[in-house]
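Annotation source Swiss-Prot lists signal peptide at 1-17, citing sequence analysis. If you look up Swiss-Prot, you'll see 24 marked as N-linked glycosylation site. For 70-107, the entry in Swiss-Prot reads domain 'LDL-receptor class A 2'. The feature domain 'LDL-receptor class A 3' is assigned by Swiss-Prot to 112-148. Taken from Swiss-Prot, the feature transmembrane segment covers 174-194.
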């Protein structure tokens with residue numbers, strides 16, 4: 001029986017050393033730099049106040065000087081002063097800091113248990129975003145009660161929904177609705193502008209002759225010149241538009257010319273002049289203004305003398321048909337020609 005006491009002490013010390021993250025315990029606490037835990041065990045001195053509990057009773061992290069926090073305003077500094085966690089993870093039911101300082105004094109702090117947070121039955125306060133998330137954040141499962149669970153057919157998965165979670169997202173819903181309305185208005189305005197632009201282009205590209213005539217739309221009459229037209233009313237035919245004499249003349253003037261008129265317009269100015277008068281042979285003999293003719297020998301004869309000599313030779317040959325080539329008949333006019341038309345150079 002006396003052997004059971006040391007055996008149980010040995011087993012308990014072995015199990016205790018296995019549970020701790022640092023199991024390098026030693027019974028020699030007289031080594032300089034070592035730290036003795038509250039249970040009598042010793043750890044290296046460098047493990048004291050390092051933010052991680054190395055002793056089983058966490059005595060190595062107690063009464064440690066709090067280092068100056070370097071965390072931002074929206075973060076929570078752990079007790080060690082080394083680690084920082086998100087502010088809403090404070091008192092959420094989970095030890096987010098390595099030393100568990102984020103879950104200490106949760107019920108005593110009135111700011112942590114304000115109306116903006118969820119109050120658990122056990123006194124803890126958690127952020128409302130952790131309600132009905134499928135995890136026991138309150139440690140008494142009070143945050144997971146009264147949640148509507150729905151099972152989709154064939155999926156095999158349970159989806160947990162909560163009205164409290166939907167309450168905190170109204171701005172997202174309003175933003176989606178507003179964006180949809182603005183998008184529809186922009187599309188409608190763009191379609192209206194495009195339709196107006198296309199209609200304007202179609203009106204600008206109408207032929208000119210169609211714009212010059214009145215447009216009849218059912219019983220409405222649109223006239224370009226209302227002050228220069230005649231409108232007659234008939235019971236059977238309705239409104240009849242009658243053009244004035246000025247418009248008829250304008251239409252006649254604007255018609256293209258015929259083929260014969262076009263040819264007459266293209267004739268030169270001298271085409272319609274009368275022909276020059278015809279001169280007889282005797283008148284041509286009396287014309288002395290013709291330029292003289294110079295022969296190869298150097299003697300100059302006028303064109304009128306040449307014509308007269310040729311005419312005399314023809315008459316002589318007609319008077320003497322029997323001797324057409326005699327030198328007697330031809331010498332007389334040849335001798336007489338130079339006497340009449342010879343000019344000195």
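Cβ coordinates come from backbone N, Cα and C, glycine included.
Among residues of the same chain six or more beyond the domain 'LDL-receptor class A 2' (70-107), those with a C-beta under 8 A of the stretch's C-beta atoms are 49-53, 58, 61, 64, 113, 120, 123-127, 129-130, 136-139, 143. Mapped onto DSSP helix, strand and coil, the domain 'LDL-receptor class A 3' (112-148) counts 6 helix, 7 strand, 24 coil. For the domain 'LDL-receptor class A 2' (70-107), the DSSP counts in helix, strand and coil order read 6 helix, 6 strand, 26 coil.
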